[in-house]
Ligand code: IDP
Ligand code: MG
């Protein structure tokens, strides 16, 4: 079932560089409604669990270090076809491959420090949303 919701994180590099406002502006202008949002700081255990699917990849340790080095903005976004449209808006994982005008093209520094997360399926959007938010924090 399609839920029309996706989950995003503005990652530590985007927060450190002061890009929260610009990225949220772009998300709003692209037709997404904010269902839930908070500034939060993932613990090492949080990041390991969130990215458990990548635990065998060579960059896993680096990814956990990066995602825990400072606060992030976690949010749930709603729009028709949210998962796919948000992946289009953020662009390819590696900003060098990301299309012009995408968030990663504009704000990401590298394949590792790529400014923003977007869920890759409706199923993962629901799992990732529940990881960060209780039902009482969704509006
Ligand atoms: P995605 O975020 O575009 O879905 P994934 O392949 O799911 O990309 O990887 C999750 C995250 O892990 C990426 O957003 C990026 O921060 C990091 N990552 C992915 N590939 C590499 C790599 O080759 N080197 C370092 N970090 C990586
Ligand atoms: Mg992914």
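Heads up, the Cβ atoms here are built off N, Cα and C, so glycines get one too.
Summarising the annotation, TrEMBL assigns domain 'Nucleoside diphosphate kinase-like' to 3-137.
Listed in sequence order, the residues of the same chain lying 6 or more apart from residue 114 (ATP binding site) and placing their CB within less than 8 Å of its CB are 11, 13, 93, 94, 95, 104, 108. What TrEMBL records for 11, 59, 87, 93, 104, 114 is ATP binding site.
Taken from TrEMBL, the feature active site, pros-phosphohistidine intermediate covers 117. Sequence-distant neighbours of residue 117 (active site, pros-phosphohistidine intermediate) (same chain, six or more apart, CB under 8 Å from its CB) are 7, 8, 9, 11, listed in sequence order.
With the fewest other C-beta atoms within 10 Å around its C-beta, 87 stands out among the binding-site residues 11, 87, 104. Per-class residue totals from DSSP over the domain 'Nucleoside diphosphate kinase-like' (3-137), listed helix then strand then coil: 64 helix, 24 strand, 47 coil. Only 93, 114 of the binding-site residues listed as 11, 87, 93, 104, 114 bring a Cβ under 6 Å of any atom of ligand 1; the order follows the sequence.
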